[in-house]
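J.: Per TrEMBL, domain 'UBA' is recorded for 1-29. Per TrEMBL, the feature domain 'Protein kinase' maps to 103-417. The annotation ATP binding site is assigned in TrEMBL to K132, E242, N243, D256. Residues or ranges marked as active site, proton acceptor in TrEMBL: D238. Marked as SUMO2 cross-link by TrEMBL: K240.
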Amino acid sequence: MGFEIVKAETALNAAKGDLNDAVSYLMDGIPGYIDKDKRIEQQEKIIQSESQQTSFPSELLPLHRNHNILQIKNSSQSSPSTSQSVFVYSNLPFNTTWKKSDFELKERLGKGGFGVVRHAIEKSTQMHAAIKQVDYEDDDEKEMVDFEVAMMNKIYGIVRQSNPSFIHIVQPLGFFTNQRKDKAYIVLEYCSKGDLRKYIKDMEESGKEISEKKAFEIVGQIASSLFQLHSNGILHSDLKPENVLLVEGFKVKLADFGLARQLQVGRDYTTNHGGTFLYQGPELLRIKKKEQEQQQVANSKTKVKVKSKAKIKSKAKIKSKAKQQEVQPKIIQTSAADIWSFGVMIFELLSQRHPFFDSASEGDVPAEEFIRRVVNLPPAEIPEHYPQKLKDLIKQMLEKDPSKRIVAQQILCIPEVAATLAKK
């Protein structure tokens, strides 16, 4: 693509930082596909025109001249301690006045470590939505929820500004809390066709396999999603079938950006890392293996008995000095980590099993053995009846060396993939 990509001017604040600091970071460096000065000029015009033409039931205040991000202050909340402020993108109000009683809760869509996601209908408009209920136990966990909401708004706005014909990001619609019960609610766009995990499970239970045509369709959709992120310097960092949602027309939207990161200008990696163990690449698991080995050594040392207080004190000094001198290996994560996760998902889509173990025949594989396989062994083969191009693509996505791994734009240029996108 011949577009100039203007990357972010600062990295996002850590999830456990002060939310106000996180917000100030989020205000900086919205990237797009147009010249930066022209984009600023266009955004100022958008803010001016929308403040005159758009009527919201809240007071709208521009936050920064460089962005068409607006702040909503709920007029009904007069107390500084209870007032909420969020950012929304032009013509995209983000609702913080909802409460749980405004929704008719339907079936459960999913469940995670922090809570559940349910299908819901907003009573006054009959709008379908997905509500993610998050249970938090302390301020740190609450700040992580705040960070996720801020990140989702930022990412959706970044992708939207590049004017794609279809936005492959689940749209955030609102956010509210019940502080008495320590619960937060994130209101999201409803994706009626479920997630990729359900799609794979339904095939498995019915004894079916995905067709070659449909496989290339899914590849094209996820590659388009990642291209929208990676071309704007964003890493998802937690790609798995549960976070790939399907909508009408067999199109894909990505969800769950709690671990997403935006890269600093001039850098193509981050030292922040996260994700689901089974979908992490060898470059991440190698470091985790070293960390495990170091922890085992540290644990074994604590079991050594010393006979006197003098020895204990001496040993403590040696240990402290060694700890200061020890350089912990940094985990470097690039967009290639998302491609590895992508490859694992497509392998599962085609083979209905993980590329490095078969839970049906092996059961649970110990973490140490799983890491050994991912780092040292080639992936299993996909079923023979699939074409060589799909087999080659899987190998390119599951390349051990992240610098040699195929990228999203290259995947989009594969003729079979491009053909499916041309029909959408």
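Note that Cβ sites are derived from N, Cα and C of the backbone, with glycine treated the same way.
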J.: Quick one: pull the CA-CA distance for D238 (active site, proton acceptor) versus D256 (ATP binding site), whole Å only.
T.: 8
J.: Please list residues from the chain of D256 (ATP binding site) whose Cβ is under 8 angstroms from its Cβ, counting only those at least six apart in sequence.
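T.: Result: D238, E242, N243.
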J.: At a 10 A cut-off on CB-CB distances, which of the recorded positions K132, K240 has the highest count?
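T.: Going through K132, K240 one by one, the largest Cβ count within 10 Å is at K132.
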J.: Rounded to the nearest angstrom, how far is the Cα of K240 (SUMO2 cross-link) from the Cα of K132 (ATP binding site)?
T.: 18
J.: Would you pick out, from the recorded positions D238, E242, the residue whose Cβ has the largest number of other Cβ atoms within 10 Å?
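T.: Of the recorded positions D238, E242, the most buried by Cβ count within 10 Å is D238.
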J.: Looking only at Cβ atoms, how many others are within 10 Å of the one on N243 (ATP binding site)?
T.: 25
J.: Using DSSP, would you call E242 (ATP binding site) helix, strand or coil?
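T.: The three-state answer is helix.
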J.: Check the domain 'UBA' (1-29) for me and report the mean pLDDT.
T.: 34
J.: What whole-number distance in angstrom separates the two most remote CA atoms of the ATP-binding residues K132, E242, N243, D256?
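T.: Farthest Cα pair among residues binding ATP: 14 Å.
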